[in-house]
Amino acid sequence: MGEKPRKLLVMYASQTGNALDAAERIGREAERRGFPASIVSTDEFDASSLPHEEAVVFVVSTTGQGDSPDSFKAFWRFLLQRNLGNYWLQQVRYAVFGLGDSGYQKYNFVAKKLDKRLSDLGATTIIEKGLGDDQHPSGYEGTLDPWMLSLWSTLYQINPKYFPRGPDVKIPQDELIDQPKYRILYHKREKLEPKLLTESDIIQRARGMSPGKLFKDKSKPDCFLKMTRNEVLTKAGSTKDVRHFEFQFVSSNIEYEVGDVVELLPSQNPSAIDAFIERCDLDPESFITIGPRETENSSFNEEMITQLPIKLKTFVELTMDVTSASPRRYFFEVMSFYATAEHEKERLQYFVSPEGRDDLYNYNQKERRSILEVLEDFPSVQIPFEWLVQLVPPLKPRAFSISSSPLAHPAQVHLTVSIVSWITPYKRTRKGLCSTWLASLTPEQEVNIPVWFHKGSLPAPSQSLPLILVGPGTGCAPFRGFIAERAVQAQSSLIAPVMFFFGCRNKDTDFLYRDFWESHAREGGMLSEGKGGGFYTAFSRDQPMKVYVQHKIREMSKKVWDLLCDGAAVYVAGSSTKMPCDVMSASEETGGSKEVASRWLKALEKAGRYEVQC
């Protein structure tokens, strides 16, 4: 009998798509060297079969404050089982590559804990874990490229049969760009039965076909919201445009709690959608179904036959982010294959070479070029729609902390949103897709917005739990809901005290919800000192020395420590990368001894009473 063919298993856990992109790149680079690779998400792999693998590469991202991707959680729980023992993975060789941001306190925390656990279970590391960093001038690829070269070299030393022609001999990429993973069926309009579909059905149909599903996401919206208020919170002279939005439920109400998160599916600019369809020479009125292409090991996808077709333009609008997301590196590889102008082909091939990595990063990611802009820069490239469906980044719902309380604001959802806008290194103005779209809406338009509700990282506190809240800028959003809810509860029962630390640049221009906070800080209010709480503000630019929320926590250290001793929970929310770390440091100085306070806070964190949402 012949020897069983060796295969490299590449497993990934991705929240936004970067880890998936890196995993696919590792798989492609292995295959270019003659080592077949299989790429699998951690939530689609049977963890109990891990001991039977010979060589495994893990690519895992860390989000926010050390959080793991949703797709990693069940796999990780399996690995933590005590009965697995120290020799469970003794036959397995592994390597870990992490994606993170060194601006955060728990930089690449998921990769580090996975590496340690695999080692504890008896697995042998192939090479030292790689830690990709968003802060690197070339992003995570600045670390990934040299790490991969070391990986191939070490694997070849372990077993030369992995790379029959050596680790440095690569199959030309033109030979490897074969067929896209997805197939499109076009349907004749006259054969289609007319069906009356709801908006929800159309969205479910389109997003159910999309290959851009990272973690078994629900295709069908939980419900629709309609805007009833669009109010600018910041004043003239502010460097930011922060809005207060109010929505009402359309048809059905969804129950939510304070601290929950709502995801909105934004609409893309119609003229940009039309330009993309025209640039790619597509028929917007054609009806399509999409499914995985059959392979040697799988028959024709029966699901494609039973799927109800959808209009191509509708599919693009609802599933393909052609106006805001930047393409991945592999998109440029495929473009080089389809470029007919020699100078364009050469430039694209340079971009995807190791020498061109930094220039591609500067052209693409730093400038945040959209798919449409990139295609317009290379007019000779005509990519088949099957490839576009696979490679165009998926249109993702945007998540926002809810700033209302169902008790205080029945049948309503409030959001506090900073309208995103920035200038690129080449002086181009870029705008956030979802926030800019929301800012453009008016209640009179009566637009139905598809939404999904889910739990955030700030659990709804019981009214008997004392709270220390830290929410600079739009980080105050969930706490507006907390305070509004406690105000209603206080009408019929006793409420535990709340201390709230708010910060912004300038008191006169950036003080979000000023009247709301100050009214609750007055005698008898939820934040009044008479009720054991307090409201403390830090306006960082109103004096020569910058003052932040952590400075105010130090000023009130005795009161903070006393409330902690009374069983308070600490909730921190905000978008700044350093702020949560600075708040933790300030909190450690509130007790008599920094060491005692530090141990106390770590115990709170472990007990779920020190929560951070960024």
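Positions of Cβ are set from backbone N, Cα and C atoms, glycine also.
Unlike curated entries, TrEMBL annotations are predicted automatically.
Residues or ranges marked as FMN binding site by TrEMBL: Ser14, Gln15, Thr16, Gly17, Asn18, Ala19, Ser61, Thr62, Thr63, Gly64, Asp134. Residues or ranges marked as FAD binding site in TrEMBL: Arg368, Arg398, Ala399, Phe400, Ser401, Gly432, Leu433, Cys434, Ser435. If you look up TrEMBL, you'll see Thr474, Ser540, Arg541, Lys546, Val547, Tyr548, Val549, Gln550, Asp582 marked as NADP(+) binding site. What TrEMBL lists as domain 'Flavodoxin-like' is 8-152. The domain 'FAD-binding FR-type' feature in TrEMBL is assigned to 220-466.
The maximal spread of the FAD binding site, taken as the longest Cα to Cα distance among Arg368, Arg398, Ala399, Phe400, Ser401, Gly432, Leu433, Cys434, Ser435, is 25 Å. Within the model, the domain 'FAD-binding FR-type' (220-466) shows a mean pLDDT value of 91, rounded to a whole number. In this structure, the binding-site residues under consideration are Thr16, Ser61, Thr63, Ser401, Thr474, and the one with the smallest number of other Cβ atoms within 10 Å of its Cβ is Thr16. Under a cutoff of 8 A between CB atoms, and with a sequence separation of 6+ in the same chain, the neighbours of Arg368 (FAD binding site) are Ser324, Ser326, Thr424, Arg430. According to DSSP, the domain 'Flavodoxin-like' (8-152) comprises 61 helix, 34 strand, 50 coil. Of all Cα pairs drawn from Ser14, Gln15, Thr16, Gly17, Asn18, Ala19, Ser61, Thr62, Thr63, Gly64, Asp134, which the record names as binding FMN, the longest spans 15 Å. You'll find the Cα of Val547 (NADP(+) binding site) roughly 25 Å from the Cα of Ser401 (FAD binding site).
Ser14 (FMN binding site): 24 other CB atoms within 10 A of its CB, across all protein chains. Between the CA atoms of Thr474 (NADP(+) binding site) and Thr16 (FMN binding site) there is a gap of 22 Å, rounded to the nearest whole number. Rounded to a whole number, the C-alpha distance linking Asp582 (NADP(+) binding site) with Asn18 (FMN binding site) is 28 angstrom. Counting Cβ atoms from all protein chains shown, Asp582 (NADP(+) binding site) has 17 others lying within 10 Å of its own Cβ. Summarising the environment of Asp134 (FMN binding site), the number of other Cβ atoms within 10 Å of its Cβ, over all protein chains shown, is 16. Of all the Cβ atoms in the protein chains shown, 19 others lie within 10 Å of the Cβ of Asn18 (FMN binding site).
For the binding-site residues given as Leu433, Val547, Val549, the lowest number of other CB atoms within 10 Å of the residue's CB is seen at Val547. The Cβ of Ser435 (FAD binding site) lies under 8 Å from the Cβ of Arg398, Val417, Ser418, Ile419, Val420, each of these being in the same chain and 6 or more residues away along the sequence. In sequence order, Val261, Val262, Glu263 constitute the residues six or more apart from Ala399 (FAD binding site) in its chain with CB-CB distances below 8 Å.
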